[in-house]
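I have placed the structure first, in the form of structure tokens, so that the comments after it can refer back to it.
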Amino acid sequence: MSITSEELNYLIWRYCQEMGHEVSALALQDETRVLEFDEKYKEHIPLGTLVNLVQRGILYTESELMVDSKGDISALNEHHLSEDFNLVQALQIDKEKFPEISSEGRFTLETNSESNKAGEDGASTVERETQEDDTNSIDSSDDLDGFVKILKEIVKLDNIVSSTWNPLDESILAYGEKNSVARLARIVETDQEGKKYWKLTIIAELRHPFALSASSGKTTNQVTCLAWSHDGNSIVTGVENGELRLWNKTGALLNVLNFHRAPIVSVKWNKDGTHIISMDVENVTILWNVISGTVMQHFELKETGGSSINAENHSGDGSLGVDVEWVDDDKFVIPGPKGAIFVYQITEKTPTGKLIGHHGPISVLEFNDTNKLLLSASDDGTLRIWHGGNGNSQNCFYGHSQSIVSASWVGDDKVISCSMDGSVRLWSLKQNTLLALSIVDGVPIFAGRISQDGQKYAVAFMDGQVNVYDLKKLNSKSRSLYGNRDGILNPLPIPLYASYQSSQDNDYIFDLSWNCAGNKISVAYSLQEGSVVAI
């Protein structure tokens, strides 16, 4: 039983046509004899034959695992049968059974031999040994290279719309629901009768009054925002009618901050925990004194003939952005009209600076405390890096074709972003270019979060799937391939570390959040209950 290369070319050509890849099919048609085969076999080969053959090969590889060396059927492992067996795992098993011939000795290619002879001096020998050591360290750092880990759900949550983990306690999760209630929960692994399982214990319920929204008149009052202070001792909750409440980590109410009249979209604490800034969907931004609960500044930016002013009773205009950020204990930035970013001091009513460059609403603002640079992302599909005292961006990254939903710093020289165009991109400030790329065609990304240690990046797709990318492994491969060279010819693929799929169709994801240890992710779904998955 065999298949020729020309027959395989024909099946690939048929597959390209069936999937609508017309350009690829045309290229294959020009370079092979597929049209001759099509005349002979078109009526006898059904649709999807190539996929069917690959699936049968995967099944054959798995069935081989169930038969021992003597030909007897092995005992069935229920846990093994419940797991997904995919193409990557089948190829890995085949590679272990039939390893490739090493290119050494008489199997070494002539070109390799010549290059080895040309590089026999001491310096080049040391360089080759260093490169080999780097490659070996990469391979040994991931024993399951090629495998995609399937994440397991450990705890079911209620029908949540947002969630955030305590920044210092890896077991405490705050999550908000549609019924104006947020909850503080502790999630720990326990041991009972020799079996380990995860247990969720409710610490407190953080309740808002069930009131109508002042702007929309909606009868719902769901929790739209949650924000822990940097020391993890306090949390702010925001709801649809604009009310903010301040709580301690045991659930005791500390203060009620009531000035907004529209759903809250962003809340940020300053480093010392004395002030917060909040923003609602009507572009109203308020600076609060946390200790007294009083309003220190009130900004309501709108466009009037190309300029921005503070206006009263402003509503109905388009969103200027959905994020705010502190750049110091007494300085912060907020979105302004026409894609501008305004810089304010807590003691000044007028802006002290204006950053111009974006041409759409601001979706992300994130300040790096180490290099003192501000990262911004916009619905115009661009990311920009700003340096204090300069109104023009020092870096501008183009590549996304739709709105950017998440952007984060990866160390001091790189930023990672994801967009509704389905792509995840890693950028370098020093080289001012794209370093790595991952694209899932046709599936928009709704959320993205980086782990606290910066080693993994989780993205949530519209179809309910969560992908976790391995940034640590990507960084190692990048150093091995390019070293300290400035030129990057082609972006690297971003290694996929793990994946998790919703069990319900058409169940997109509202929100993601990492715990501080980087070993758990909370997921908020549109239809079913929320989940906590273990990494």
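For all residues, glycine too, the Cβ spot is worked out from N, Cα and C.
The region 'Disordered' annotation in Swiss-Prot covers 104-140.
As annotated by Swiss-Prot, phosphoserine applies to SER137, with the evidence given as a large-scale study or a structure entry.
Residues 198, 200-210, 220-228, 230-232, 235, 237, 239, 249-251, 452, 510-511, 513-517, 519-520, 522, 524, 528-532 of the same chain, all 6+ positions outside the repeat 'WD 1' (155-186), place their C-beta atoms under 8 angstroms from a C-beta of that stretch. Residues annotated as repeat 'WD 1' in Swiss-Prot: 155-186.
Per Swiss-Prot, the feature repeat 'WD 2' maps to 218-248. For the repeat 'WD 2' (218-248), the model's average pLDDT works out to 92.
Per Swiss-Prot, repeat 'WD 4' is recorded for 316-345.
Outside the repeat 'WD 5' (357-387) by six or more residues, the chain places 318-327, 333, 335, 338-341, 393-409, 412, 415, 417, 419, 421, 427, 429 with a CB less than 8 A from a CB of the stretch. What Swiss-Prot records for 357-387 is repeat 'WD 5'.
The repeat 'WD 6' annotation in Swiss-Prot covers 399-428. Proximity of distant same-chain residues to the repeat 'WD 6' (399-428), defined by a Cβ-Cβ separation under 8 Å and at least 6 residues beyond the stretch ends, is recorded for 360, 363-364, 366, 368, 370-371, 375-379, 381-383, 385, 434-450, 454, 457, 459, 461, 469, 471, 474, 488, 491, 494.
Annotation source Swiss-Prot lists repeat 'WD 7' at 440-470.
Residues 265-266, 268-272, 274-275, 277-279, 281-283, 285, 287, 297, 299, 301-303, 306, 308, 351-367, 374, 376, 378, 380, 386, 388 of the same chain, all 6+ positions outside the repeat 'WD 4' (316-345), place their C-beta atoms under 8 angstroms from a C-beta of that stretch. Below 8 angstroms of C-beta separation, residues 142, 151, 167, 402, 405-406, 408-411, 416-424, 494-502, 504-514, 516-518, 521, 523, 525, 533, 535 of the same chain, each at least six residues beyond the ends of the repeat 'WD 7' (440-470), sit close to that stretch. Under DSSP, residues within the repeat 'WD 5' (357-387) fall into helix, strand and coil as 0 helix, 18 strand, 13 coil.
The DSSP breakdown of the repeat 'WD 1' (155-186) into helical (H, G, I), extended (E, B) and coil residues amounts to 0 helix, 20 strand, 12 coil.
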